[in-house]
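J.: Pulled the feature table from TrEMBL, pasting it below:
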- LEU142, THR143, PHE170, PRO171, SER172, ASP173, SER226, ASP255, HIS258, TYR280, TRP310, ASN338: pyridoxal 5'-phosphate binding site (BINDING)
- LYS281: N6-(pyridoxal phosphate)lysine (MOD_RES)
Amino acid sequence: MSSIKIIDESYKHPLLELQQIASENELAFDHLKFARLMDEKDPLRHLRNEFHYPKMSEILHTDPDLVDAQEDCIYFCGNSLGLCPKKTKEYMDVELDKWAKRGVQGHTTGELPWAWCDEVLEADMAKIVGCTQEEVSIMNGLTVNLHLLLISFYRPSKDRYKILCEDKAFPSDHYTFESQARLHGFNPQDVMICLKPREGEFILRLEDILDVIEKKGEEIAVVCFSGVQYYTGQLFDIPTITKAGQAKGCYVGWDLAHAVGNVPLHLHDWQVDFACWCTYKYLNAGAGCLAGLFLHEKHRLHDFPRLMGWWGHNLTTRFKMDNNMEVYPGARGYRLSNTPGLLCPSLKASLEVFNKTSLEQLRQKSLLLTAYLEHLIKESYQRPEGKSPKEDSEAIYIDIFTPSDPRQRGAQLSLAFNVCIEQLFKELEKRGVICDKRLPRVIRITPVPMYCSFEDVHRFMGCLKDALIAAKSSLSHVDVTKV
């Protein structure tokens, strides 16, 4: 994956860096003192104070006999919903106060005028995804935006009508591809190429993706993968796959829900045709907040089919009300309706925190933080090499579905157990660990670098050990052939 510019050319495996620091300070890797030393050295540790970090007493399902009520919980669920920036309520109150005192005049006044509040935030969003302001727009939800983009880019013909995606794509993406196929009169089973990992493997190999594109590219209308796969945490090689697909005449787009705010992106330079993402995971804008849409500048004046609405009309002539559409060039032309003004304050609060650092700095910390977690898990729970699941049926072990190469993943590790995860998940909750589970086997653990610490990882390992011990007697072993 050398084509993904995640870190500089002098890349050093983060585990080696961690081991060097431990050795220089004569500290054991699994010792609390080492975790605290790493936090002391962390140049981003102050960013945690920008967020409301839940206390043990505030979250649900904890056992008061097992936790300190005043201690921070262990929040490893930013892959699902990011924490609330402290400025959010203040900015929300400003808009509510403006509505109460000015009514309709709020459309054109204040720092977030409702008539163009999304446009105020575009430049900061563009920095996060690596594009120009004209290439990005903030609107709708992710799936709505994906549908809008596919209406333009999925224009099947008799010979080129297929959609290439990963097997186990996020359900909403899968349903979008199915419904787009039906809209054009095709059977989704004939249209969708859902690429599976090799037998016995958890992740897709880049060479297998490129091989399918090379062999079937002339039949493929659209290639659309996740930037980071929600179930496994695999970071795909966006520039290489994009280049390969376009070389065969395909349009290439990306669902960046689990990539945006998680890894550095350079959508413009990578020549990505289109992309969309939500803002409530690593972007911390709140549940169901506005989504983002990217349209490369090479398509800014395209004449593709599209759905149109009033808010895609250029503001300079929109209020002539003459019903002669003057569509915005670029991403704004995909807007349909006016932006919900009360959804922009939380996004503003989050983007301001991102402006206090960079994606490169966050990535550097993330590489170290997730490598530290991975190493501690492998030290304690890796199945001995050469042993089959059947031979190890009485032992508790953890398979990590996420790629072992740090350059092929974001912050998330997807942990798979040879036991039923339901009881284990409950035991983790009792100990104040907030994570999530995805059936049949995965618990996703995500130390987000913006607000998680090395001590959080150390605490998690203690909770995991106790949870496994507590749950073992009631846990049932599972079919480890199911991914």
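Quick reminder: no glycine exception, Cβ is built from N, Cα and C everywhere.
Owing to the predicted nature of the structure, the values given are computational and were not obtained by experimental measurement.
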J.: Would you work out the biggest C-alpha to C-alpha distance among LEU142, THR143, PHE170, PRO171, SER172, ASP173, SER226, ASP255, HIS258, TYR280, TRP310, ASN338, the residues that bind pyridoxal 5'-phosphate according to the record, and give it in angstrom as a whole number?
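T.: Greatest Cα-Cα span of the listed binding residues: 31 Å.
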J.: Go through PHE170, TRP310, our binding-site residues, and report the one whose Cβ sees the most other Cβ atoms within 10 Å.
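T.: The largest 10 Å Cβ neighbour count belongs to PHE170.
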J.: Using a 10 angstroms cut-off on Cβ to Cβ distances, just flag whichever of SER172, SER226 is the loneliest among these binding-site residues.
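T.: Output over binding-site residues SER172, SER226: least Cβ neighbours within 10 Å is SER172.
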J.: Please work out which residue of LEU142, HIS258, LYS281 has the most C-beta neighbours within 10 angstroms of its C-beta, and give that one of the recorded positions.
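T.: It comes out as HIS258.
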J.: Give the distance between the Cα atoms of SER226 (pyridoxal 5'-phosphate binding site) and the residue listed as 'N6-(pyridoxal phosphate)lysine', rounded to the nearest whole Å.
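T.: Taking the Cα atoms only, SER226 (pyridoxal 5'-phosphate binding site) lies 14 Å from the residue listed as 'N6-(pyridoxal phosphate)lysine'.
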J.: How many Å separate the Cα atoms of TRP310 (pyridoxal 5'-phosphate binding site) and LYS281 (N6-(pyridoxal phosphate)lysine)?
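T.: One finds 29 Å between the Cα atoms of these residues.
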J.: PHE170 (pyridoxal 5'-phosphate binding site) to the residue listed as 'N6-(pyridoxal phosphate)lysine': how many Å between their Cα atoms?
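T.: Roughly 14 Å, rounded to the nearest whole number.
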J.: Taking just the CA atoms, what is the gap between LEU142 (pyridoxal 5'-phosphate binding site) and LYS281 (N6-(pyridoxal phosphate)lysine) in Å?
T.: 12
J.: I'm trying to understand the geometry here, so how far is the Cα atom of the residue listed as 'N6-(pyridoxal phosphate)lysine' from the Cα atom of HIS258 (pyridoxal 5'-phosphate binding site), in Å to the nearest whole number?
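T.: Between the Cα atoms of the residue listed as 'N6-(pyridoxal phosphate)lysine' and HIS258 (pyridoxal 5'-phosphate binding site), the distance comes to 7 Å.
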